[in-house]
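Copied over from Swiss-Prot:
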type	residues	note
BINDING	Cys62, Cys63, Cys128, Cys157	[4Fe-4S] cluster binding site
COMPBIAS	195-204	compositional bias 'Basic and acidic residues'
REGION	1-25	region 'Disordered'
REGION	195-221	region 'Disordered'
Amino acid sequence: MRWSLSKPSDKPSGPATPGSSIIRDNGFEEDGRRSVLLTRLQDLVAWGRKNSVWPYNFGLSCCYVEMATSFTSKYDLARFGSEVIRASPRQADLIVISGTVFIKMAPVLQRLYDQMLEPRWVISMGSCANSGGMYDIYSVVQGVDRFLPVDVYVPGCPPRPDAFMQGLNLLQDAIGKEKRPLSWVIGPQGIERPAEESQRDLKRSGRMCATTLRSPDEVQK
C-alpha cells in the first residue's frame, strides 16, 4: 500500500481512469519533510521558554521609565514575546531591577524573587542596580548581585530602551542554549538542581584583558 499527503491543488487534471488514484504520489520522504519536525525535548522546551519570558511589573527609579518605554509602539517589545507584564510575581519568571536598591528595599526584593516561578531570571538595569552607581553610601546596596543571582547586566545611567532590549536578547540566547532547561536533574544524592555559573565570573577574564577604554561620550551612544 502506497500513500502520500496531498492538497486539493495537487489533484491531477482530467477525468480519473479506472484503477487509478486521484492522490498524486510524491514520495513519503518528501512529504514527511514538509510536515514532520524532529528535535529533542530539551531544545523544544528551551525554545518555548526563551520566546515567552514574562516580566514582573516592578521599578525603583528613573531606569524604570526607560524600561517602560520599551513597551511602546516605537520599540515594540512584543516582537520578542515579553509584552505580557504580570502584576504578581507568582505569574512571572523575569524581574528587572531598574534603579537604586536601598538597604530597606533588599528584603522586599528577596521576597518577590522567592515568589517567582522557576526557572526565573534577573536583569540588572542601570549603574545603580549594577554597582550602586554614584550612591556610595551606607543606605544603598552596592550591586543587586550581593543578594540575588543576576543573569544579565545592562550598563548606563540610565540605559536607553535599546540597551534594555539588547540585554533581553542576550538573556533569550542564554535560555535557548541551556543544556537542561527542565532545571532538575538526578544526581548522586537524589533529585537536585545544578548551580548556575555567574555571568560576571564568566566574563571577568575578558574584561580584565581590555586595553582600550572608551570615553564616557562614546559609551552613551
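Using N, Cα and C of the backbone, Cβ positions are placed for all residues, glycine too.
From a predicted model like this one, the values you see are computed outputs, not experimental measurements.
What Swiss-Prot annotates, mapped onto the structure for a quick look.
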residue: Cys62; record: [4Fe-4S] cluster binding site; contacts (Cβ under 8 Å, 6+ apart): Gly99, Gly126, Pro158
residue: Cys63; record: [4Fe-4S] cluster binding site; contacts (Cβ under 8 Å, 6+ apart): Ser98, Gly99, Met125, Gly126, Cys128, Ala129, Gly156, Pro158, Pro159
residue: Cys157; record: [4Fe-4S] cluster binding site; contacts (Cβ under 8 Å, 6+ apart): Gly126, Ser127, Cys128, Gly133, Met134
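All protein chains considered, the CB of Cys128 ([4Fe-4S] cluster binding site) has 28 other CB atoms within 10 Å.
Same-chain residues that are not part of Cys62, Cys63, Cys128, Cys157 yet have a Cβ within 8 Å of the Cβ center of the [4Fe-4S] cluster site turn out to be Ser61, Ser98, Gly99, Thr100, Met125, Gly126, Ser127, Ala129, Gly133, Gly156, Pro158, Pro159.
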